[in-house]
Amino acid sequence: MPRPTLPSLAALALAAVAASGAWAEQVTVFAAASMKTAMDEITARYAEETGTTARVSFAGSSALARQIQAGAPADVFISANPGWMDALESDGLIDDATRTDLLGNSLVLIAHDAKANPVEITPDLPLAEMLGESHLAMALVEAVPAGIYGKAALGSLGLWDAVAPKVAQADNVRAALALVATGEAPLGIVYATDAHAEPGVAVLGTFPEGSHAPITYPAARIRDGDSAVADAFLAYLQGPVARAAFERQGFTVLTE
């Protein structure tokens, strides 16, 4: 007999909970900071449709994973890269049968100056010269996925060594975005979806896909969380309302 897929199991859980009328009051979700704009819309609709409040903590995936490792209560974790989900899976902290690759994203170079000219991001990009004495805003380059991807992209293009002393690191990608939006840094590296959500920045260029690992957002149920509310929420994240919200923010939806 074929093994049921996560979407089918989650959909069954959603239907079962809805049919019973036994909605829990709250589902606790730890989600990557780059998802905030889309998730705010999705959780509002979820509460309207189900009566269940989704309480979402947004931060860098590394910080969220470490909180879960330290025993913070959560039902669902959505990471901005597979590495931190892998770490929780290795620790036995997620139900690996519920793990699914939910979303994809891309990496962009942004500017505070709306009139800045677009650039082609290649090994010939004079990024250090463009910065001058100023800083390049990035999420933590050794811990936060956006920073890890950004450092890898710059390294593969041969640009990292020249710009490394000029990098201003922020706790998460939305904090890096804010540095550019407020003009504290003239340039930054963020996800395309972050740039889409912030009218105070302009996209100068998109990093080539081959310059960094694919940007994938895995989602899973936390093993010690409430399985019924977690599975129902995971099902909703793969449904039409969430799909439309994610796509409006520029995410690539990876689930069918």
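Cβ from N, Cα, C; glycine included.
Summarising the annotation, TrEMBL assigns signal peptide to 1-24.
What TrEMBL lists as molybdate binding site is Ser34, Ser61, Ala146, Val173, Tyr191. Taking a C-beta cut-off of under 8 Å and a sequence gap of six or more, Val173 (molybdate binding site) has these contacts in its own chain: Ala32, Ala33, Ser34, Gly60, Ala80, Ala139, Val144, Pro145, Ala146, Gly147, Val190, Tyr191, Asp194.
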Residues sitting within 8 A of the centre of the Ser34, Ser61, Ala146, Val173, Tyr191 CB atoms (molybdate site), not counting those, run Ala32, Ala33, Gly60, Ala80, Asn105, Ala139, Val144, Pro145, Asn172, Arg174, Val190, Asp194
Among Ser34, Ser61, Ala146, Val173, Tyr191, which the record lists as binding molybdate, the farthest-apart pair of C-alpha atoms sits at a distance in angstrom of 14
Three-class DSSP assignment, Ala146 (molybdate binding site), comes back as helix
Around the Cβ of Ser61 (molybdate binding site), other Cβ atoms within 10 Å, all chains included, total 32
